[in-house]
Structures are given as structure tokens and as C-alpha cells.
Amino acid sequence: MENIRNFSIIAHIDHGKSTLADRLIQECGAIEDRKMSDQVMDTMDIEKERGITIKAQSVRLTYKKDGKEYILNLIDTPGHVDFSYEVSRSLASSEGALLVVDASQGVEAQTIANVYIALENDLELIPVINKIDLPAADPERVKADIENTIGLDCTDAIEVSAKTGQGINELLDAIIERIPAPSGDPTAPTKALIYDSWFDSYLGALALVRVFEGEIKKGQEVLVMGTGKTHEVIDLMYPHPINPQKTSTIKTGEIGIVVMGLKNIGDVQVGDTITDAKNPTPEPIEGFEEAKPFVFAGLYPIDTDKFEDLREALNKLKLNDAAIAFEPETSAALGFGFRVGFLGLLHMEVVKERLEREFGLDLIATAPTVTYKVKKTDGETIEIQNPSELPPPQEIDTIYEPYVKATIITPTEFLGNVLNLLSEKRGVQLKMDYITQDRVMLEYEIPMNEIVMDFYDKLKTVTKGYASFDYEPSGYKEGDLVKLDIRVAGEVVDALSIIVPKEKAQYKGRELVKKMKELVPRQLFEVAIQASIGNKIIARETVSAMRKNVTAKCYGGDITRKRKLLEKQKEGKKRMKAIGKVQLPQEAFLSVLKID
């Protein structure tokens, strides 16, 4: 056991942790050079394209130092805020972490969030300054930056360039010297933490575990404590991005893949504890929580016959991503579809893209919403995920909306813009600290609803891409909210309803109908587009009718003749308007997402 080191890599997006992982793997010779590819740990196409890590991956490396052979278990973590639960489980499985910071950029909000998780788990942190080969690199400034924001001593920070491979050997030596070996009682009952799980079409649902006490053997009956079900261990493997090695036992302090022939990934949820069925451990590992979706959106197939295909695709994705929740719903405008819950906006984009890419579906997504709590006048409290479920105004006593605590780091020159954006989004300042003279860290409370739409894009725009942002949920607060409906030709279009703060309703309504006017195709009769709160219309635009020139065939002659033809046309238009239906184009639904 004293020769094992378990460590994770913590970094903000784009600070180079997947490349660093590549170099460590190459240096330890775990993959032959000819099979090596960039970002070998990111296995999904979409991860490579966007340059982000979505699923945590692991690899077991061997490294010789001073004549001893060491086993290094590298646990790669996702860097994005939506996947922070996966990060916290990966860190709980390690004894140490490499804090990777870009030498040209300095500390970012995401890094800080993950460092706090690491400190809560008492991990040994090794600061690593990456990308020192860049002309803009300034390692000394970055070290000062880390000391100011995190209070971590950087005198023996390690400077590396993952791209050129400079400093990698020093880093491996530091991992062995500074990260403690795992502790735990090898004779105690089995106790292992599932820190990742995924679905393999041949082997079923697989659990990636870290064994804390005892060991897991092939053929053992094990109990998964969160579900209370027992399974037989069919196979055990050590993780590797290309060819995992089989083994007969995973011992205390090691990481490995457990194959139990499961059909459903819900049986091995991330954060759950595996123990021996006959001699279970008394307490599960703490900190297990079911992944809770925060953002909801409707997903509808453009071709309505594809509803069953979408159901099947969602079921398959859920095997791989336990954080998705979904239930069928219908909309008068869009037909049959599903209300799907996601961890956040990036998660939503990734899921939609995977559905379209891996299952060949054409989908339309409605505006994302959050879960509101509504206290009704009869004292009952209900939760709603879809604006169209909101009860009529006379039945509502109060509406509560979810808030988040956001941490934003921005260069000082853009501070004014950022503060304006935050007050526009109804944010409340908690604190403001200057990290260095030219960078500020802000803490704000913001309604989740304001973040869901386009907050991140806007923050990047007003700071020219330099600000970074991270958030965590902070509970519910009372809000002065109303439901804004859009009526086309007198009928409410359910898929376009949104919940907005009362003081913004007028403005949003006006903007929306203006936008809709450009998108609704002209009909043979005039179409009124209205925004309403309950029965009160607050804004209106009219799409004028297309008309035929009915008087073209009259040459000269009496005006009454022309008038008769025009009156007749008018009557016809009136009749059409009474029975006419308007087909809305796809763009109309997407326009709701884009109003400010």
C-alpha cells in the first residue's frame, strides 16, 4: 500500500489538464507512442471537439523511482461548473491533487471552487504552473496570485509545460514525495466508493470504485448500500483509456472497475458505497447525494412520429448519465415530447447534441426554466417546472424562486460592466475582494432564472472573454413573478410562456411580440400577436394581411363598382380570420431564448 499514490488534477477549463494527463501517461509508458493521441483521456467526440472533459476518467500508471516501483492512479476530473458533483466524488477518492494553473492567465473562479472541495477532503495540494513555454507566461505573478486567493504556499510550486514535456519528471517525483499513501484497514469489511459509472453495451453498467477498506474479489457477493440490492462481481479491471487489465482482486487503497452485469446504471450511482453482502460495513461513505437537476426544458422531435425514438434515446443516455431526469409532456404547439431536467446549461447543450449526434434525431428545445415553488391560497405548496403549469393568478399566494451564490473573477477594467450586468440580473452583492491590483473577485446572490438564459454569454461579452464564473445553489426566496403568455391570432401558444419578474414583464412582452412579428409568416388575413398577463394584454403587434389587387380588372368606370369588390374582399378576409389557424415556424420558439 505504501507504494500507491491516488491523485486528481484540478484546473479551470483550458488550463491544460487533459494535455498534462497525456504527458504523464506517456512518461510512464502506459500507452505506446504510436497509439498515443491528444487528449487520450477524453473519450467522447464531443469532449475532443469542445475541448472539455465531461466524464471523469482514470488510468493506473506505474513509475520507477530509486529502484522502487510505484503505482500512480490518475483520476481526471471535469472542469465545468455543471459537473461539480462528479468533481467532488473524484476528489474524495484521492489523497492529493495537482492544482494546475495557466502561467499566462492566473487563477480562475472554477479553480477556486474545486480547491475548496479539495481542502474539505483534506487533500495534499501541489501547485503546478503550466504552459511556461508561452511567450506571455509569467510564473512569478501567477504564484503570487495563488498565494493571495487561495493562501497556498507556492515556494515549491512546480513549473511545467505539458506541451513540450518540460518539468514532467520533477512533477512525478513530487507526486511520490508529497502525496501521502492511502490509509485504511485491509482486514475490515469491504468499503468502496463509486466515483464514476458508465454503460458499456457488452458488459452492462460499470462502476469505477476506490476501495477504502477491505478488498473486492472476483465472485464476491456485494451490496450497493444506496439501493439496497446485492450483485455478484463478475469481473474486475484496472482502468486504462485503451486496454484495461483484468485482475482478481482490488485491494485497499486501489482503484478499479467492477463488472456486475447490471442492466441499469441507476443501480450504481456516483457517490454510492459498495460493501460485502454477508459482512457489510456499518456506515456508508458520507456525502452521497442523488444528482438533482436544476434546469428544465422541453425537448420535442421536429418529426412527431419520432416520439418513441426519442424516448428510447433518452433511456439509453440515462444509462450513461444518471443526472438526466425526464417525463413525457404534450404541447398544443409542438405535439408530444419530454420535459427533461439537466444539471445546468452546458449539460443541456451536451445532452441535446448527443441526442442529435448519436441517435440521429432532429430536436427542438423550449426555453430553459428552473423549479419554482408556489404556495397557493388554500395553503398547499406545489413545485412547477413548466411555466404552463402555473395556477391562475387568483389562486397564488406567493411564488418562491431558486437563488444561486455566484463567484465571479474579472479584470478590474471591466468591473463597471460586470456590476451593471449583475444589477440588471437582479443580483445582490455579498462581497467584493481585490485579488491583485488588476483582478477582482465578486460574490453575488442571483436568481437562478436569470442565469439560465444567457448570463454566461453576456458575462463573456462584457469582459471580452476574460471573466470566469462559478455558482452553487443557495436556496429559495420569495419573488414578485408573473407568467407572460404569447397569443397568436387570439390563442395562447403554450410553448412560448415564460415566468418573469413583474417589473420586467412590460419590456419583455414588447420585445417578444416585436420579435415574433418578424417571424410569423404573413397570412391571407391579419394576425394579431399579443403578450398578456392573465387576461390583461400588455403589448401587441399586427402582421398585416397579404391582399390581391381585386380592382385591377376595372378600367375607369364608377367608384362604387371598385368599392363593391373591395368590400367583398374585406368580408372574405373577416371570415378567414374567424376560422384561420397560424402555423408557427421553428425560429419563433428559439427567439424566446434570445430576448434580453
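The backbone N, Cα and C atoms fix where each Cβ goes, glycine too.
Record features, source Swiss-Prot:
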| type | residues | note |
| --- | --- | --- |
| BINDING | D14, H15, G16, K17, S18, T19, N130, K131, I132, D133 | GTP binding site |
| DOMAIN | 2-183 | domain 'tr-type G' |
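According to its DSSP assignment, N130 (GTP binding site) is in a strand. For the binding-site residues S18, N130, the largest tally of other C-beta atoms within 10 A is found at N130.
Its Cβ taken as reference, I132 (GTP binding site) is surrounded by 20 other Cβ atoms within 10 Å in the chains shown.
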